[in-house]
């Protein structure tokens, strides 16, 4: 049975470094770090599994002074556009977000427990150039997610 995208996540980031990086990036770009935005980013970094915008909003609504839905969605969009959140596509079509650092990253998604592991490196350039040449298609970007079983799930399966 395929795991939901909301299963466990192995945190790919240092929480404090991520929060500091987001704050610094927002200050450099002139974005105000308001109380509601701060609550959104602090909640995001507390998740240990990919989350949806609606899940984040619902979780924030359980506290006093919850940010508005528009603030939650705009904050997610700003973080995603600037590379501080990655959109993860589950093996059965669901989507979620995970905190990450800006850069060209790809993800491994465990189909059993839902763990998400980020990795750098991309050796697709030759293939993309060939595809572009053969089809006349101008490639502007790509998304690479690999689905399989993480080391922990493999170990559990072999020990049972």
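In case you wondered, yes, glycine gets a Cβ from its N, Cα and C as well.
Annotated features in TrEMBL:
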- 104, 125, 142: Fe cation binding site (BINDING)
- 110, 113, 150, 153: Zn(2+) binding site (BINDING)
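Positions of TrEMBL features highlighted on the structure.
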| residue | record | CB count, 10 Å |
| --- | --- | --- |
| 104 | Fe cation binding site | 11 |
| 110 | Zn(2+) binding site | 23 |
| 113 | Zn(2+) binding site | 19 |
| 125 | Fe cation binding site | 9 |
| 142 | Fe cation binding site | 11 |
| 150 | Zn(2+) binding site | 20 |
| 153 | Zn(2+) binding site | 17 |
Handout entry: Remaining residues near the recorded Fe cation site, that is with C-beta within 8 Å of the centroid of the site residues 104, 125, 142
Key = 122, 124, 128, 141, 144
Problem - Cα-to-Cα gap, residue 113 (Zn(2+) binding site) vs residue 142 (Fe cation binding site), nearest whole Å - result: 25
Exercise for the section: Find the shortest Cα-Cα separation between residue 142 (Fe cation binding site) and the binding-site residues 110, 150, 153, and name the residue that gives it. Expected result: 110
Practice task
Using C-alpha atoms only, work out the spacing between residue 153 (Zn(2+) binding site) and residue 104 (Fe cation binding site) and round it to an integer in Å.
Solution key: 27
Practice task
Could you measure between residue 104 (Fe cation binding site) and residue 110 (Zn(2+) binding site) for me? Cα positions, answer in whole angstrom.
Solution key: 20
Problem - residue 125 (Fe cation binding site) and residue 150 (Zn(2+) binding site), distance between Cα atoms, whole Å - result: 27
Practice task
Work out how many Å separate residue 125 (Fe cation binding site) and residue 110 (Zn(2+) binding site) at their Cα atoms, rounded off.
Solution key: 26
